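Student: Checked Swiss-Prot, it gives:
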type	residues	note
DOMAIN	8-36	domain '4Fe-4S ferredoxin-type 1'
BINDING	17, 20, 23, 143	[4Fe-4S] cluster 1 binding site
BINDING	27, 123, 126, 139	[4Fe-4S] cluster 2 binding site
DOMAIN	55-86	domain '4Fe-4S ferredoxin-type 2'
BINDING	64, 67, 72, 106	[4Fe-4S] cluster 3 binding site
BINDING	76, 96, 99, 102	[4Fe-4S] cluster 4 binding site
DOMAIN	87-116	domain '4Fe-4S ferredoxin-type 3'
């Protein structure tokens, strides 16, 4: 499938993210995510001590990348996992048989089998709730530092963000292009 110009994309601005997990909590509440699982979280990565006594670390969003060539879609035996016309990788819960193939195939390890329903679950940009009502995803709406941007790839504000040189996408050879863009920043803490 070709990378759609009108598809939905998200940008996680690591320069603005403070790792507060407000996005994780909002998602869990709205989507009734069971204890011990998540559709989105922010991880702290690359802690290292620099020679000047500063600690360097990075806040990284971990969620579905909405891959162009999603391995989770290609392994699904029932067609429950699919990429919709907006570029969102979805799970049709009525067709999911809980085989776990999509969970195992995800190169980013962001799917899980919901123990309450027995079907696969993951971030879908709140497509069936907030997005359907014309609102941005829950994570975007609660971010206190405006570190998350969401919109269609052909919108001017989104184009401005994704065109910056610091913006990158986490790639995996078998997934193709992904719809989660990131602006990298390494935070510092300590004495200079």
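Heads up, the Cβ atoms here are built off N, Cα and C, so glycines get one too.
Could you tell me the structural context for the features on the list?
Tutor: Beyond its flanks by at least six residues, the domain '4Fe-4S ferredoxin-type 1' (8-36) meets 42, 44, 58-61, 66, 86-88, 114-116, 121, 123, 125-126, 129-131, 137-153, 158, 161-162, 166-167, 179-185 of its own chain at Cβ-Cβ distances under 8 Å.
DSSP assigns residue 17 ([4Fe-4S] cluster 1 binding site) to coil in the three-state reduction, outside any helix or strand.
In the three-state DSSP reading, residue 27 ([4Fe-4S] cluster 2 binding site) counts as helix.
Cβ contacts within 10 Å of residue 106 ([4Fe-4S] cluster 3 binding site), excluding its own Cβ and spanning all protein chains shown: 24.
Applying an 8 A CB threshold to same-chain residues 6+ apart, the list for residue 96 ([4Fe-4S] cluster 4 binding site) reads 78, 80, 81, 119, 120.
Counting residues 6+ beyond its ends, the domain '4Fe-4S ferredoxin-type 3' (87-116) has Cβ neighbours under 8 Å at 3-4, 7-9, 34, 37, 39, 62-68, 70-81, 122-125, 127, 153, 170, 172, 174-175, 179 in the same chain.
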Student: Within 8 Å of the Cβ centroid of the [4Fe-4S] cluster 1 site residues 17, 20, 23, 143, which other residues of the same chain have their Cβ?
Tutor: 18, 19, 21, 22, 42, 139, 142, 144, 145, 147, 148
Student: Out of these binding-site residues, 27, 64, 67, 99, which one has the fewest other C-beta atoms within 10 Å of its own C-beta?
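Tutor: Sparsest of the binding-site residues 27, 64, 67, 99 by Cβ contacts within 10 Å: 99.
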Student: Of the binding-site residues 20, 23, 126, which sits closest to residue 102 ([4Fe-4S] cluster 4 binding site) by Cα distance?
Tutor: 126
Student: List which of the binding-site residues 17, 20, 23 have their Cα within 10 Å of the Cα of residue 139 ([4Fe-4S] cluster 2 binding site), in sequence order.
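Tutor: Taking 17, 20, 23 one by one, the ones whose Cα falls within 10 Å of residue 139 ([4Fe-4S] cluster 2 binding site) are 23.
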Student: Looking only at the domain '4Fe-4S ferredoxin-type 3' (87-116), report the model's average pLDDT.
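Tutor: Result for the domain '4Fe-4S ferredoxin-type 3' (87-116): average pLDDT 97.
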Student: Quick check: which same-chain residues outside 27, 123, 126, 139 lie with their CB within 8 A of the centre of the [4Fe-4S] cluster 2 site CB atoms?
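Tutor: Checked against the 8 Å cutoff, the neighbours are 23, 26, 30, 31, 39, 40, 63, 124, 125, 137, 138.
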